[in-house]
Every structure is written in C-alpha cells, then in structure tokens.
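Per TrEMBL, the features are:
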| type | residues | note |
| --- | --- | --- |
| REGION | 86-148 | region 'Disordered' |
| COMPBIAS | 108-120 | compositional bias 'Basic residues' |
| COMPBIAS | 124-143 | compositional bias 'Basic and acidic residues' |
| REGION | 293-307 | region 'RNA gate' |
| REGION | 537-573 | region 'Disordered' |
| COMPBIAS | 545-562 | compositional bias 'Low complexity' |
| COMPBIAS | 563-573 | compositional bias 'Acidic residues' |
C-alpha cells in the first residue's frame, strides 16, 4: 500500500517588510475560496493577539480611544469581520457572571450625603494601628463575657465578686480559729422541735389600726416620727429576765430572736456579721457585740445592682441600713390605735424606767426542747395585737423601704396597685435575707400575722421624709412556704451550732460570717474581748443639743438629721 505524499505549498517571500507581501496573486490562486473562520471556544487562547500593521488612526471611531491610550488600538478587533463576535454580537448575551449582585452595604456607619467622587480621601491607617484596635476590642469583648458569665453563675452571689466587703469585726492575730463551716453543709441539716412553752410575758401592746390596710399610693400617708418613744435592743446576757431564768436552771442555751434568726437564715446572708458565744459552766449564751450591726436592717443585700461604696453616700449600704432601721421603728408605732387602750401582761417592760414612754412591744420568753437534757430559751418580740372574731391575734410589724426605683427597676407608686405580686417578688430577690429573718422571728414568736409596710422616700434624694404607700398582711407559715424557708432546716442549723459549741471549753468565742465567702468561722477570743470601758463625757453647754420644739401644726421643728443618729444610738444600746 502506497501512502500519499503531503504537499507543502509555497511560502512567498516579502523582501519589503514583515508579513506576507502586498500581492498574493500567485499564492492565493491555489487556495480554495471562501474558507470560513474556524469556530473556537472562548476559553481557548487562540487567534491573533495584536496587529501592528494596522493604521488605527485612519479609523474615525478609534481616534477618541487612541487619544486616551494609543497602545490599545492594536489589540482592538471589534471592526474585524473575520471574528464572529463582530458579526453576531448577540452571542454575548449567553454569558453570565457568577455573582452579579452589588456588594452589601454596611448596616452601621456614616451615611454620606454627598457623592463619593467628591469625598476627600482619608489617609489609610497603618497596619499597626489597626491591629492594636483589634486587640483592644477583643479584650473588651472578653471582659464583658467574663462579667456576664459571673452574673449567670450564681444569682445570689452575683454582685459580691465586684464589690469588696469588710469583716464586721476586726480579726485579731492572737485569736485562734477553731473551725470553719461552709454554707453548703447547712442546707442538708434538719431537726424537728416540739411546740414551745411560754415562760413569761412582759410589756404592753397597742392595737393595730386596720385603716392602714386600705392605704394605697393614691391616698398615701406621711410617715411620722416617734422620737420620744424608746426602743430597746438589749443583748442576751444584759437581759435581767434571762439572767433570772439562767439562775433558776430553766434552760441550757439562751439567745434572742434576732440572734436566732441570723443563725437560721445564715445561708441567705451576704454581708458579714458576728455573734459572741460565751460558755459559762454548762450553759451557753449567744450575744451580740457592742456596736454590732445585727439590729440594723440590710437593704439590697442580695440584689445584683451594686450600691455606692462611699459610706457617706445616702444610698450606700450603711446609710440605707440606718435609714431602714429608722423607718421600721417609726412604722411599727404609727400603724397603731393611740387611744391609750393597751393590752398589758404579767410584768412590765424589763428595760424601761418608771414613767418612761416606751414603744408598743411585748416580750415572750419561750423555751424549746433540743435534747433530753438540753433546752433553749429565747426572748421573742411582737409589736401589736388585734381582735378577730373575739379572738386575740399577735402581730409583727416591719417595713420595706424604697430609696430609688432605678436600683430595683420597679416603681412602687405605679406597680403597687396593679402588680403587688411583682413588687413583692422583686423585694424577695433583692432582700432575701432580711425577709427570711423577719419571717423566722415571726415564727419564733408564734405571731398570727406579719404586716409588711411599703415605705418610700418623698424624693429619691431626700432620705429624711417618707410616705407609707401600702400595708400587706401574711401568715408567717404560709409566707415561709412561699419564700422556701424550711422550719426543720432552720432548727437544724441552730442545733448543729449548739452541739458544736457545747463541745468547747469554758470561755468566750465569736462566730463570724466571712465577708467574701459563703462560710462562717469560729474563733477563740480572750475573756476581755469586746469589753468597752469608754464613758461618754458630757458636752459643753454651748454644744449641747436643745430639746426639739413644736410649731403650730405640732410638727417638730428640729432638723431631721438627728433622727438617723438616734436610730444608731438606740440600735447599739
């Protein structure tokens, strides 16, 4: 089989320049005519790149483009009939961009009101500045996340990480720490006690004025001042009745309702507190220290909103506790029927002098059985009495105070009439320890009803003048169930601390709540600890405070600034 030969056509030589000669008559005669241009794919790099032999300036349509960039004309084949694109330009419609959407505009940032072409160009930041700002933003975001996680970790201890609290008593280096008890162990304790017996009732009670049950924010009542009524907060060992009962061996353990309530509600406490424990022979006495703040009422102790740290600020923790004690005492005397009709008991007030005007209060000395040979005697208080269906009922009177609605987030004047439950729920969140202690004291005294008053400032920056907005009544047992306060757990805490102290030697000890951790510590202190031999010297005549006078309306003309000082003196008496 003989294969055919491939004939190569003659290649003309152009002696005058580059490319084929001007006349190709000798060569084109042998070539077929009307040879079409071979189609090609646009993805293939085929065809001519440039034609340097063209005279683009002769084409009028290219003169404008050539004036901009003359080099572009040699690459322009739009006028060449040999390319199908020029013959059929509609083929370009078959091509689409992958993403033809405009770039997204930022949601935030300046909205320029002028044309971007006329906007002056800002200098570009250096990479170091950009990176530094990114690092600062990351640090700020991490700090916010850390605070958020701390707030979410423990609702009751949220604010305590940010604020630094001091111990209620200065721990001396010579004190010997015997034990520390975390609050987590208290939640598992339980102890049942039998019904107590009344050993003695002292004092006298005035009757409750039921018209205060109808008080609303629209017909609020001004909070009065009772500067001439004496309030007594006497510790256990200074009580003559308890001394007499101890000499008669009526019990082994002695305390007051305020001290017992502090122990019973210890797991709900945040602020530091301390209780002095004295072991004398086979008897145990729980006392409050001179200058202790047990008789002052905490405000926003368990809230998430931090209070000002400056002590002289009217909204600081200390200033609010003094103001709350002042409000609580005046409220407990204002809601009574002051017509001279009183319910008197076997013995008068053991702390009042003859002819002295005292507040309406009755002391119930009650005894509980803790063990076969161990009894506990406590002095309990009730503030009023009321007759319901010819049956006598004892009442405890306490007042919640609103100082600034921005801290609680609930405006009492707007919410008390329509959403009383929401107001109470907010107070239970912000003052869990205080409300639990009031409930425990009502249960210890076997009060039939506990009255809660809602007292607010006339103006948020005026901490001397207040108004009563509402008064609500609750049964102590029902209220304890509502706030998840277990009677068995309360007595379990007391029983465990009593058992621990009964194992100690004779001497003086102090139980201190740690200011930053949920735990209590027991220290052994010297016998002369907390004894104050200071004797107050009389002021010179020109510095002595004159007795208050009354104006035509019967309102005291003396400055109200002394009222809060009187509360502090009475609370530390």
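Glycine too: its Cβ is placed from the backbone N, Cα and C atoms.
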Segment-level pLDDT (mean, integer) for the region 'RNA gate' (293-307): 85
Helix, strand and coil residues within the region 'RNA gate' (293-307) as assigned by DSSP: 0 helix, 0 strand, 15 coil
The compositional bias 'Basic and acidic residues' (124-143) - residue tally per DSSP class, helix then strand then coil: 17 helix, 0 strand, 3 coil
